[in-house]
Amino acid sequence: MTMTTLQEPTLQEKPTVPRVIDSVSPTSGTRVFRDTVAGEWIKLRTLRSTYAFLVGGLGATMLGSLILYLLIQSYDKATAADKGNFETADPSVVSIPFVMFFVGSIGAMLITSEFTTRSIGPGLLAVPQRRLLLGAKATVAGTAALLAGLFFASLSFASAKMLVGDRPAPINPWPVWTDALPKVFCATIIVMVTTIVAVGLGTWFRSTASTLVTLGSLLLVAPAFAHFLPTVWQLRFGSILLPNLIPQLAGSNHPYVLSQGGAVAVTVGYLVLALGAGTISFVRRDVS
Amino acid sequence: MLDAGAAHPGRTAFHHLESLARSNGIGKARVKAVLEKVGLESVAHKRLGGFSLGMRQRLGIAGALLGDPAVILLDEPVNGLDASGIRWIRSTLRSLAAEGRTVLLSSHLMSEMALTVDHVLIIGRGRLLKATSMEEMRDRFARDVLVRTPRAGELATILTGLGASVTSDGGEELVVVGVDAVTIGGAAAAAAIPLHGLTPRAATLEDVYLELTNDAAEYRAAPEKAA
């Protein structure tokens, strides 16, 4: 290999010495993190996939409302005896898992797109502190997911409440509007947690396909798989799945087994496990 | 700049640079300035997927310039570029050096580096084998002088007498080692021998590199066997 240099030429007039821009001078940790977050925010909002997945989330919400509409139509035509056997018109079962997948995919793409396009290289040149970079990505993805989750959860629950109207339980689980608020809040939190978990998974796998398949398996396949387990294990296994943490966090754990505190612990466990694995992978493995 | 192609194809040039700049607290004005400097301002809002290799190299250099660095380190900046791209890189790097920056290039393209740089560091297996200026290298690794004259035999005798080693192709050409072109020209003039050509030939950077790294080469092709 040959390393070659261009030397400063001998000039009559001294050239302007390149200045170091003030804003890139050593700064506080908070400032560095804030700048990194700002950079990651630009990356997130300039990825086309971000908008595609948001449209997917909206589609899932609208599809969920359509399914609930059909359920209520069916309910209205049912006999009084059959009406007691209807499921509740709860979007946390019908549409929120799909919203979790679509919004979570935004978090996954924030990191996997950099590995697949090799733009992680310039990213690490700009911010060599890997923990800080991953933390900024998780912060940006989590914040975006919090906003998107709040929007989709509010839309899902509001449309469900409008559709179900004043019908009695069990199809209407919320006699008044405000009864749905704990679930809206918990669904929002779980959408955010799922997205941060997706960032961790993406950092570990470094592949969009692997990450989205794993995310889809966790959110959509595992709950279906749980139905085939013996009842005891069905409930135990089902209780720790991300979509099923929503009712448990909201304090209505039927039919699952976790208390509210237990649900919080499992939720935190997901974050620690995914981000921990992602951090270890990001810090220890070479990116080239 | 390590890999100019390492950018998301769905992002625009401006957004690519803006994300890098913002993560270091650098504003949009600087992004616009570096895009203008590398001549990409007209395509700043086009997606990178449609960029040629040359445009990506320009973008990579723009990224390297964001922080207005005093030292710029570029890895293989001319790889895969066409002639106009190479010329642009060469003039850009020279202008960056003229601004007072140190520009450090890493390359295997010896002929291109010979045209571009002032100083050479030759590295083999992680060890610095040679650090010299191009000018010094040209002088030190001067190879021979090619002489064309209709009285080759006479001139060869004179030059041998001056201590030179002369080889002849039997015609008008002599290859002279051991004396420089000035001495040969003077000797020919003194003997009234006409010269049709007098060409000092220096070793190329490639020759020097191969000579210096002969022991440091990691992989070597087997010599071809004579048929």
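Numbers here mean position along the shown chain, with the first residue as 1.
In case you wondered, yes, glycine gets a Cβ from its N, Cα and C as well.
Because TrEMBL annotations are produced automatically, they should be read as predictions rather than curated entries.
Taken from TrEMBL, the feature region 'Disordered' covers A:1-23.
According to TrEMBL, the feature compositional bias 'Polar residues' maps to A:1-10.
Annotation comment: TrEMBL describes A:51-72 (among others) as transmembrane segment.
As annotated by TrEMBL, transmembrane segment applies to A:92-111 (among others). Same-chain residues lying 6 or more positions outside the transmembrane segment (A:92-111) and placing a CB less than 8 Å from one of its CB atoms are 40, 43-44, 47, 49-50, 53-54, 56-57, 60-61, 63-65, 67-68, 134, 137-138, 140-142, 144-145, 148-149, 152-153, 156, 183, 187, 190-191, 194-199, 201-203, 208, 211-212, 215-216, 219-220, 223, 242-243, 246-247, 278.
Panel annotation: around the transmembrane segment (A:132-160), residues 32-33, 36-37, 39-41, 43-44, 50, 54, 57-58, 60-61, 64-65, 68, 89-92, 95-96, 99, 103-104, 106-107, 110-111, 123-124, 180, 183-184, 187-192, 194-196, 198-200, 203, 275, 278-279, 282 of the same chain, lying at least six beyond its termini, place a Cβ under 8 Å from a Cβ of the stretch. Among the features that TrEMBL reports, transmembrane segment is placed at A:132-160 (among others).
The annotation transmembrane segment is assigned in TrEMBL to A:180-205 (among others).
Here the transmembrane segment (A:212-233) has long-range neighbours at 97-98, 100-101, 104-105, 108, 194, 197-198, 201, 205, 241-244, meaning same-chain residues at least 6 beyond its ends whose C-beta is under 8 angstroms from one of its own. Residues or ranges marked as transmembrane segment by TrEMBL: A:212-233 (among others).
The transmembrane segment annotation in TrEMBL covers A:262-283 (among others). Long-range contacts of the transmembrane segment (A:262-283) within the same chain, counting only residues at least 6 positions beyond its ends with a Cβ under 8 Å from a Cβ of the stretch, are 111, 130-131, 133-134, 138, 189-190, 193, 196-204, 206, 239-240, 242, 245, 248-249, 253.
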